[in-house]
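In what follows, a structure is listed as structure tokens, so that the remarks can point back to it.
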């Protein structure tokens, strides 16, 4: 699946200051019945976003026009639970390109990197600064720079570096994916397979 | 250099190590189901690539299959469409497919082991986080996303950075009514739902050495709920006895040769883990959750902890209790229960139904409880009948349904209604997991049985001789 290249993203943020946001909340199981990757963004955070009669819940952040942007800022342990890549698709299809948190669940992080969402892990202190910055000014921006691996609060210039392995960084900067890489080493994989004991 | 069990299996599967990047990691067995595979197959088509080793992939329909009237066409058109896609894709690429009605059909993590597809020393993946179940056999097994499903189909490999290693030891003798589910719920409650994120867990100690294969599967199944990618237990005589003679287990010389290899699959005495935790069996009581993640659980006789005593942030903890309709300091015992679910890849095996039967035998289902008894596979269903458990259930007023994931994630019609409280032997109590606005308490089959006959959360020890 091709995705947009990611280099530098300067954007306002959508704050979701809750811990342990699991993938069942990001996209409930009943919306996983598609056989194509289409319209998952419509059901992003479905049960937090809409009432039973499909009217928007006014107190949920995605229904608050004050906040918008391509960066979702979330509390600790974001994306726990199911391995459903649909959760990452919903976030991407809604329009987010980056999620910032102090801690991500492993599978969600992997899925995000594979489809072109950059998960940025910052310290709890820096996360708190971002939340406070947005609270003070909903138009506050962050700049996420993948080549230099830094995230900066535009209002104050405060900055923190984040980690990503070189291979994944290269993929995201260039819009490559793993399947291109693996297809190029099929012969090596074939020899490996032939020597397996089972 | 000394290695852990995890190192030994991992290192044997690295096709290539990428500098400052992941390993190209070979996968021995790949399970697929109807929900997370269709988009992967579309990806293959759009790239114009095929399935590299179709005999290494197995397909079963489980996530949104009905648990009644499986002989009839599936009513939900979207579910039916996914099931057709799985069948069509499997046929097109030459993949074994155990669809609805097939005698081997059932939940992917139940049918893999019971048919001898899962073996020690293997790497196993599936687009489902509870793939960690197969670690019970000394395999490295974990859940993957759909992009990775496409990678495995097309290349039999994924790109995977090696996780850190954690050892969890439990020694001692488990008390009355304390099951493998209680052991793992206890550990998750101690370290939180994120306590093992970034790690792969190896379980050690006499509690796991003395545990049945089915119990070990329950423990490894739930390891994902502490944030770990998976858990594993060194293969031993219990493992080999379970596997010997299963339909797809190796036979004859192949079996003897593998036994020699499998005997080497244990952690070297001086191998080093990144983190080690040790618990005492005698401190574990029957467990139950009260919040909206599996880490928010406690002993059944305890009260709901105060926000200041839990690891989770206060905002999410209060949201959690508010959702459940519970308050800090309340007793969990005595809460009226509307639904009881026994089944899922965590507790849908024969031992779980035996445990459930041990309490309901000679008693009656409580009138206020709707009970869903859902075997993990047709093989389990047949065992329930052969062993006379069905008669016990029927006499007590219960009905046995047909196999599938069912109310664990409620993708089919088995949904707990809004506001209703369910005691469930499944693995997740997230908001809306068993149906929009439903409320779930995770517990063992014994706790579920006690709730089913008493109509409220009850200590199973009071129902046993």
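Cβ atoms are placed via backbone N, Cα and C, with glycine included.
Per TrEMBL, the features are as follows:
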BINDING   B:345, B:405, B:408  [4Fe-4S] cluster binding site
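Cβ atoms within 8 Å of the centroid of the Cβ atoms of B:345, B:405, B:408 (the [4Fe-4S] cluster site) belong to the same-chain residues B:62, B:63, B:107, B:109, B:130, B:343, B:344, B:346, B:348, B:376, B:404, B:406, B:409, B:426, B:427, site residues excluded. Taking every protein chain shown into account, B:345, B:405, B:408 are the binding-site residues, and of these the Cβ with the most other Cβ atoms within 10 Å belongs to B:405. DSSP assigns residue B:405 ([4Fe-4S] cluster binding site) to coil, not to a helix or a strand.
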